[in-house]
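Trainee: What follows is a structure written as structure tokens; I'll ask about it next.
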Amino acid sequence: MLKRTFATATRSRPFRLAVVGSGPAGFYTCHRLLKEHDNTQIDMFDALPVPHGLVRYGVAPDHPEVKNVMTTFDKVAEDPRFRFIGNVSVGTPTSVLQVADLKAHYDALLFTYGASEDRHLGIPNEDAYGSTSARTFVGWYNGLPRDQDLQLPLQDTDTAVVIGQGNVALDVARILLTPIDDLRKTDITEAALEALSKSKIKNVHVVGRRGPLQASFTTKELREQLSLPNVRFEADQQWIQQQIAAHEDAINKQRPLKRLMGLLAKGRKDNTGDKSWHLKFLRSPVEILADNGNVSGIRYEMNELQGESFDKQRAVGTGQFEDQACGLVLRSIGYKSMPMPGVPFDAKRGLVPNAYGKILQSPDAAQDDTLPGMYTAGWLKRGPTGVIVSTMSDAYDTADTILTDLKNESPMLPDDPQRSDDIVPLIQQRGVQPVSYRDWKKIEAAEFAHGVSIGKPREKFTSVPDMLHVLQPN
């Protein structure tokens, strides 16, 4: 392995980094590197013509303030040392580029492509019509091209079940119950608005296998859910308060949890309305009930909690079961990352094995047995947990690892004196026209203009051909 020198004062050729994935983890890592290391050039790749990953396609449309981070990303992209290369996939059998192509053009690679797939329950009839993942539902109403063919029985049932009790679970429950005129003020897609405007869903059950102290939604999300107009809140308040009282001392030591439990115990003051959302605990789904291939209900095994400390309590099945009628089931039990050929992957943990963001030789490798010039950040690095702020911290940690390696003149990828530093000609030779960040801003401007014309902040393009059509000469 060739060792190379990266001292900013003496190195004539810049440190060249390829970033695979254009979500928050990628942008925040770039933000730190560009600030701290002048002699750097970064190319960021995304399979879609548009950047920003889950900020664009995962954040709820009624949370526009969360999307303000895109202003920071714009500033990163304005740096002349940064280049966005969109519409270019990497690392799949049909991709424009493979990892080997990147290794031949860059000093180092950073993988931040996140967790694009969802976990399954592994129970009978999970594929029945009316059963899908919350991730797919979120992608559908946020305009993710791959999810635009989703069909849901919104007009055929008045009851939906959401399996899971995290923020995404409350997001989808809230979208199903929010007045349609409120949604019209957001950047939710017109196709989703049309479908939701005809929805007959009036009751949403948010179901978890353990208790209220183990729920992973935040106070902000719960407060919004409790504030939905004309929506009752139903839960076993007596049991919730018993659980809180039983662990009061431990709860008082954790301020965020104390605030969350205080809000949950209060419930909703004006608990009236012709719609409802239910928070149910101690239930594990064991079968989706189906009639002629359509969801007709769900069967739970009832659980009990075992263990003294609430953060270590386990849900144990009791052998008793409960059936609930419903026509829509959305599983919200987590995302998962997928392996990419040429990059070590820990299938058991669902992430790229790493030491502080530097990729290990294998999942079982020692912490100092790393791959030169290979890095990761975000959900691919730590697993699909946390919000954008935690992703920022995680990305900065990876950036610091890269900066330390540069300072210490640690080995990077092998140098090829014959290589071209510009990978774009290779992409074009393979029949793909990459999309620049300037191109993306043209696409965004067209979305803003379309949104204004129909009284919305933005109307997203939901297909890649429509995005690329904006860039065609008039």
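In case you wondered, yes, glycine gets a Cβ from its N, Cα and C as well.
TrEMBL does not curate its annotations; it predicts them automatically.
Fair warning: this is a prediction, and the values are worked out from it, not measured in the lab.
Annotation source TrEMBL lists FAD binding site at Ala25, Leu54, Val90, Trp379, Gly386, Val387, Ile388. For Gln165, Gly166, Asn167, Val168, Arg209, Arg210, Glu221, Gly386, the entry in TrEMBL reads NADP(+) binding site. Summarising the annotation, TrEMBL assigns domain 'FAD/NAD(P)-binding' to 16-224.
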Trainee: CA-CA, which of the binding-site residues Ala25, Leu54, Val90, Gly386, Val387 lies nearest Arg209 (NADP(+) binding site)?
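Mentor: Of all the candidates listed, Gly386 is nearest in space.
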Trainee: Using Cβ atoms only, which residues of the same chain lie under 8 Å from Ile388 (FAD binding site) while being at least 6 residues apart in sequence?
Mentor: Pro24, Val55, Val66, Val69
Trainee: Taking the Cβ of each of the binding-site residues and counting other Cβ atoms inside 10 Å, which one has the highest number: Ala25, Leu54, Val168?
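Mentor: Checking each of Ala25, Leu54, Val168, the winner is Ala25.
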Trainee: Does Trp379 (FAD binding site) have same-chain partners at least 6 apart in sequence with Cβ under 8 Å from its own Cβ, and which are they?
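Mentor: Counting only residues 6 or more apart in sequence, the Cβ neighbours of Trp379 (FAD binding site) under 8 Å are Ala25, Gly114, Ala115, Tyr335, Ser337, Leu351, Thr385, Thr391.
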Trainee: Between Gly166 (NADP(+) binding site) and Val90 (FAD binding site), how many Å separate their Cα atoms?
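Mentor: It is 31 Å, counting Cα to Cα.
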Trainee: To which of the binding-site residues Arg209, Arg210 does the lowest count of other Cβ atoms within 10 Å belong?
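Mentor: Among the binding-site residues Arg209, Arg210, the lowest count of other Cβ atoms within 10 Å belongs to Arg210.
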Trainee: Quick check on the binding-site residues: of Gln165, Asn167, whose CB has the lowest count of neighbouring CB atoms inside 10 Å?
Mentor: Asn167
Trainee: Assuming the binding residues for FAD are exactly those in the record, Ala25, Leu54, Val90, Trp379, Gly386, Val387, Ile388, what is the maximum CA-CA distance in angstrom, rounded?
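Mentor: Binding-site diameter by Cα atoms for FAD: 25 Å.
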Trainee: Can you grab the distance from Val90 (FAD binding site) over to Glu221 (NADP(+) binding site)? Cα atoms, rounded to a whole Å.
Mentor: 35
Trainee: For Val387 (FAD binding site), what residues in its own chain, 6 or more apart in sequence, show a Cβ-Cβ distance under 8 Å?
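Mentor: The answer is Asn167, Thr218.
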Trainee: Quick check for the class: what is the C-alpha distance, in angstrom and rounded, between Arg210 (NADP(+) binding site) and Gly386 (FAD binding site)?
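Mentor: Cα of Arg210 (NADP(+) binding site) to Cα of Gly386 (FAD binding site) measures 20 Å after rounding.
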Trainee: Below 8 Å Cβ to Cβ and six or more residues apart, same chain only. Which residues does that give for Gly386 (FAD binding site)?
Mentor: Asp394
